[in-house]
Amino acid sequence: NGPLVSSLPPSSFQSSSSSSDSQSLHHAKLNRRDGGGGWMPERKDQLPWLQVDLRERVEVTAVATQGRFGSSDWVSSYTLLYSDTGSAWKQYRQEDHIGVFPGNTNAEGVTHHKLPHSVRTRYLRFLPRGWSSKGWIGLRVEAYGCSYKSDVADFDGRSSLLYRFNQKSMSTVKDVVSLQFRSWRADGVLVHGEGQRGDYITLELHGGRLALHLNLGESPRQPNGGHMSVSLGSLLDDQQWHSVQIERFNKQVNFTVDRLTRHVHTGGTGDSLEVDYELSFGGIPLPGKPGTFLRKNFHGCLENLYYNGVNIIDLAKRKKPQIYSVGNVTFSCSGSSAVSATFLSSRRSFLQLPAEGPGGVLGFRTWNDAGMLLWSGLQGAQTLLLILADAQLRLTHHRSALQSSEITVGEVECVCVCVRCPAALANQGCRNPTLAYQGCIRSIVINDYSVDLYRVQQGLLGNYSDLQIDICDIRDRCTPSYCEHGAVCSQTWSTFHCKCSGTGYTGATCHNSIFAPSCEAHRLMGSASGFFSIDPDGSGPLSPAVVYCNMTEEKVWMVVDHNIMGQVTVMGSSPQKPHVMKLNYSATLSQLSTLLHRAEQCQQEVVYRCRKSRLFNTWDGTPLSWWRDRAGERRTYWGGFLPGVQQCSCSLAENCIDMNYFCNCDADRSSWENDTGLLSYKEHLPVTEITVGDTNRTGSEAVYRVGSLQCYGDRFLWNAASFYQELSYLHFPTLQAELSVDVAFYFKTTAPSGVFLENLGARDFIRVELSTPSAVTFTFEVGGGPAVLSVKSHVPLNDKQWHHVRAERNVKEASLQVDQLPLRFLEAPPDGPARLQLNSQLFVGTASRQRGFLGCLRALNINGMTLDLEERAKMTPGVSAGCPGHCNGQAQLCHNRGRCIERSSGYVCDCTHSAYGGPHCQKEVSVSFESGTSVTYTFQEPFSVMRNKSRQSSAIYAQSSKSREIVAFRFLTTKAPAMLMTVTTYHQQYMTLILTHNGTFISSHSRSFTYRYFFQVVFFFFLQFRVSHIGGTWLDTHKCYLHFKRRLCLLEFFQTGVDEEVLQAGSRGFVGCLSSVQFNHLAPLKAAILNRGSSLVSVLGNLVESNCGELSPFLVLPVSPFLPPSHAPSRALSPFLSLILLLCLCLSHSCSFSSIFFFFFFFLTFARTLSLFLSLSLFLSLSFPLSLSLSLSLSLALSLSLSLPAGLIAALLLVLLCVAAAMTRVLHRCRRERTPAPSAAREKDPPTRPELLYRADLGPRAAIRDSRKEYFI
């Protein structure tokens, strides 16, 4: 690696300009002091550069720069270009795609840069980007490297080389193919070979990407089972050299293109690749040859082509008999005459050229999808305009101000604009309808004359601005892709975007999971039982799994089903041909392993019944039946929490039917026996396979059923450590945080400041700390200086209460959030360093000179992995496991999203964000709404959103488009239709909750999304659901409108075209009782009652706080939510349902006389009206004395019956039926009085009310409210 420039002659140096002869080019060598002391360009030079010809192609490994001797001139930053021919330059970029090298800070110092990857080139060009503020550009340079020898072959698109084997076919289990290529076209075959049994290997360029197709033999059952295709790279037709290496061993393949490697595994029936006769390079010589993937041959150059150690090009040059040449193959690489140019700015770049006539040709390439391509003034006032809009070329001919014609030319995948209107042509009518072009062009031809861009660069032709000539500096920002979890990457010229929809993740790079990590976490969020997507490793590589969370018990159970949930009967199996059943679960084994690791305890029941079917051989104990664990290991124990050997549950309980055996089935009896067991050893769960092998004897039979996998608890939610010495810390392995990292934890402290965690590197670092009593700071450095994010709270954070912190850093941005405070963002600098290089251990607390943390930390999660603080604290002085206090355990203290707050002598529940009140956030907050009453709640969005209201911030847009709205409330009404709730935005997006005239419930959204839920509401109805935010940007202010009565309010925020049913419900408003309204983390109804003077709350009409929510009984008669209204039960069905319920109550002696009265009233009333009064009768019978309920029921019944055609007759029948019912009641009481009294002990028991027990069992409120627990927010 010696110097390459110091011995070069003066003719090897060129430049864009030189200020004088004394600053001649050949003096620009490192440490030279003569001849002006270095190179200095003219001050009017717009794009200065210094070029060095190394005389031959060499391998460059390092460069060095120095300022001009004896002056104040130096270069503070520069870019490095390289080329083989002196044209078609390429910019050198480092690992993070950084293209700018730091230069000098004075004229004499030497700055060396070792290139992360060497380049093979002949020409180097230095482009100054920054220079001395005290002087001008001054430069002396040196390059270091060694000589490079290569064998090159040039293919013209109609030629190829054939490498023929010594035998008829070649079968290999290991192959290595390596080469470098330089292509003039985007398509072409580089390597191809195939065999008669169906094996083949093909390496081809397709659309500028390199594709490898491989097949190692096909099975008749799976015709395409052995085929494998993988693509790598992008923009590989850029006329630059690219390296390729293919390594195959059996079915494992490593495919590398330009240092980017993919590891793949092939299918097929064999491990060897069988190729017949020959391999072809550079193309397929025979059109129509079987196995051909692409007919186009390769057009370009191949270098150092090796196949299994054989130098193919060297054999061809020496004309060895193994090589057969087809067409014209030469052994030198010709260059391309096309000159490219790069338009750097979308606002300032333009190229102005003289032209006579409208004809022209050009080639272009960019990632942008809109811009102006060409403007040309014609005769008179006529103009010609070529633009790109929405990936289509549009040519417009303007004949005059009033006449024009337009032609649209197809779809364009890579779009570009090559010129824009300079200010000098504005008075001639040249206007930019879109942004100017940003991208590359080449081969410009105007009126059959090729434009010489070198003359443009020298100022001899036309004019230009913000243009780089003789280089196409286009980058593929999606290769490799920084989008995580399978998100789709899209890009523009200057940045990239990740489409997270459908992935279950959100954020700028789709890093953050939108799902909770466990069922226990869902319980803390107040969710009811149901199916949930669980992401146990958060932002880790595992995808979410769908499980059922059973929250009806004190313990929250996670249930995972498999494909064979019913019982299986086995007969005819033997040890030689056993019955084998594989179980496939709704989650993958990797997901299950993580779920089991996170859970506190898991279990799985195996029901096993047998008749003359043994589990173990009676003589030698050989297992005849067994099961396999998740690792595929055979297990022979059938119960217990510790793995045993050949035992069942009866042996653990010492109650087997024959104590000579460890299992009931081993007694080998002809009667049915039971060996059901509960498996609870987590490391072996779940059961993945059952094998039964002793049912082939006469009368032998076995029946088994494997239950669901069930787990409860979350070991990490309350995994905590207490730091009581400032110098103490916990240490963990180094963070894997090169491209992205997220850190989340809870803390509580009384200290004014302290470092939560930090990880250091040689230069980079990451730190999260409590910087002041009311501020959390996230600091990191990725090579461009420290970046600081800080969130300040309006209340102290050292209040001995739990606070949540989440910090994230990725290649696009960093973010920090504390509790519910606004999320703070910091965008990463464009084209800045991307990789965070850390090398020390991760310290929880601090091991540096920073102030340590005093207090408690819990649930520390980094990149989806929760660190076990308790285990590490047990062996660390100054730190103890767990955290003292009332609010630190999982005991249920505060309900319904209430927050537990520590006090010196106990705790209190903060119900600010709960829809409930009271000491434990269990008291319902209810309001009685009258006609004309409405509540408007206005809430401001975080500052980070308001700040971006004029543009769509990538992070905020990604977060908002994936957010969910959680709404819960209870209501009681007799009026329908009714508008229950409406949420609107200033961009006319809305969400409405409507009770329709027939008792169905509708959730309607803007953008034609409507969800309908069908319920027949008889009394009080509890509603809880989740709605995914649909499209749009999360805007400045949202308004939550409750119960609109007047149309005026409705029309203020609804646009034309709204559903008529929404308008009708809005005009009628809502009359009734509303209770416990929860919208995400807000309780708008409680805020309206407690903060009537607040500017966020506006009340119209008479709003009265009531206890109607506590008094109202629960009774919900469901109708299938899967049927549309036309298939819902008819109106007449509802009275029958109510009648059945009423009969059940009466048979249990729980109905009053008025209830019996309405039993007969069923025959006189129709449809919904009967349902209403029947339900009201039940309510009266349960709530008021007999005389009052009877009078109310009778008056209501008569008023309704008189409105019917046969009202008079109905009234008479009603009186007769009432008399009969009264007599029946009296006789029944007399019979009861004659019955002997129970014992004295029995008489002392308090009287029971079966109807209350019935209501308690049926009412969903008890179950749901018990499950809605939350200890912190």
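Glycine is no exception: its Cβ is also placed from the backbone N, Cα and C atoms.
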TrEMBL annotation, disulfide partner among CYS856, CYS911, CYS921 for CYS883: CYS856
Stretch of maximal Cβ-Cβ contact with the domain 'F5/8 type C' (1-146) [cut-off: under 8 Å; candidates 152-333, 474-511, 719-883]: 719-883
For the domain 'F5/8 type C' (1-146), residues assigned helix / strand / coil by DSSP: 9 helix, 69 strand, 68 coil
PLDDT averaged over the residues of the domain 'Laminin G' (152-333): 86
Cβ packing number for CYS883 (disulfide bond), 10 Å threshold: 24
CYS856 (disulfide bond) CB neighbourhood, other CB atoms within 10 A: 23
Residue counts (helix, strand, coil, in that order) that DSSP gives for the domain 'EGF-like' (474-511): 0 helix, 10 strand, 28 coil
